Amino acid sequence: MEVSEVSRTKRLAQAGSSVIFCFFLVGIVFGFAALKPILVDSGVYSEYCNGQERCKKQDTKLNQLFIIASSVNNIGALPMGTYLDRVGPRAATLTGAVLCMTGSILFSLGIVKPYFDSYIAGFALLGLCSPAIFLAQFHLSNTFPSRSGLILGSITGAFDASSLSICLYKVAYFRFGGKTSLRVFFLCYAVIPGLLIIQQLTFGPAVAYERPNSKVGDDSLPDQPVRPTLPPPSGSARDRKFPARPPRRRASSSFSRISYDVHDAANDEDVKNILGKDGEADPIVGALFGLGAGKQVLSKWWLAMEFMVIVHMTRINWYLTTVGSQLVYYTGDEGLADKLNDAFIFLLPLAGLVSIPAIGYLLDTRPLIVTVLVMTVMGVLFGGLTLLHGPVPQLIGLGILVVFRPLFYTAMSDYGAKVFGFQTFGTVYGLGMTLSGVFGFVLTPLDLLTKGPLNGSYTPVNLTLLILGLISGLTMAYVIWSHSRQGRIILSDSSVVNRHTAIQEEDEDGS
């Protein structure tokens, strides 16, 4: 759909309402750290405690809620993205809204039977609705092409801050003595996806907005100067001739094209010129452009990315699941741990918003290897500090994590877009996220291991994840460095060849 076909007022309403609904709906499962104390106070799974106020079995069962929901959230990225490609943004958004409404209602019922657990079913649906709604909003950045970055930033920022509603509910719940029960809150919350359904059926776009191809100024595709190509080493993958392939519309690749101001009709070589800007901004751009998804997935680039994603998503979700218990263990003061947990609950969504300019600057102005090294250092600092007993290192570690999390998610998407290209991005990156979601189920055995054989000590698991995080970060950095080094060698060889050719031409002219 062309922008010119829709009035400015309607486009503004569409983009504005999209941000609002993303804020309320697409990331509420990541507010689990705030929701967990309410679940405990409400007696959810208290039957596992045999009359005790709180027990390990109850805590493990509660943690499973988040583990399942977060895993379903990641696993659903690929199928929901494919579904979006087939049915369009309106149908995908309506599907997500129905899933969200159903999940909220199921969660409010509070049914725990041997054959059915409405808490697990409801929270899993709340996790699944997120990619269905979120991915379907990316095209709205084209409603105002010259402001696409602002709109996209607002949508992604709303996702980062979407757990804030659960944080505010926690404050209200305990301030007013639990008068707003889980049943009341989630039944009322089911109204919001109902409003989203009304919005989509009245003025929501049925098809995706296309980026104008013939505009001038900020909305146009800038002309790129022709650059000489350097001869790759004999026998390398870059030496092959790749046939032109028709562009395929995928949800994830559409997001990346919007992020980098790339036309949907642009091929990977056009994209390389745009992402590379001056041709030397980031040596990894175009590393696997032109290869099929199957070959890309078997490459060292994808394996390094997947190693990084699996390890760090496990680290992040492990901490989000157990943050309250870890703070009690490492501070030795339950009251102080609750205060630190409260601070973390609010810092997590707010940092996602505040850090957007810094993350954008880092990714836009520095080669990705710098970002990977920054993440590796931050991961080591977070892991090391949160292994130390005492409130100060724990607080600093929390502060590092809330900044690391949005940087990690953004940088991995940036890596995928630059290395694999947009024609296969949806499949390749989506597969990586889906597999990491499947691996996320390992968190339950880790939880049982900590509370059983490890006698409540989080240090062995945290230390293992810290080491794996360091190895995965250095592995990705090495893959990038070795490719960049090879590029410098090629450039040097090319310069020698050019100088030799110039000397020969001078000799011929002289003779």
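From the backbone N, Cα and C atoms, a Cβ is placed for every residue, glycine too.
Copied over from TrEMBL, here are the features:
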- 12-35: transmembrane segment (TRANSMEM)
- 91-112: transmembrane segment (TRANSMEM)
- 118-138: transmembrane segment (TRANSMEM)
- 150-172: transmembrane segment (TRANSMEM)
- 184-203: transmembrane segment (TRANSMEM)
- 214-254: region 'Disordered' (REGION)
- 343-363: transmembrane segment (TRANSMEM)
- 368-388: transmembrane segment (TRANSMEM)
- 394-412: transmembrane segment (TRANSMEM)
- 419-443: transmembrane segment (TRANSMEM)
- 463-481: transmembrane segment (TRANSMEM)
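Contact between the transmembrane segment (343-363) and the transmembrane segment (118-138) is not supported: fewer than 3 Cβ pairs lie under 8 Å, counting only residues 6 or more apart in sequence. In this chain, the transmembrane segment (394-412) lies out of contact with the transmembrane segment (12-35); the count of Cβ pairs under 8 Å, excluding pairs fewer than 6 apart in sequence, is fewer than 3. For the transmembrane segment (368-388), the partner stretch with the highest count of Cβ pairs under 8 angstroms, out of 118-138, 184-203, 394-412, is 394-412.
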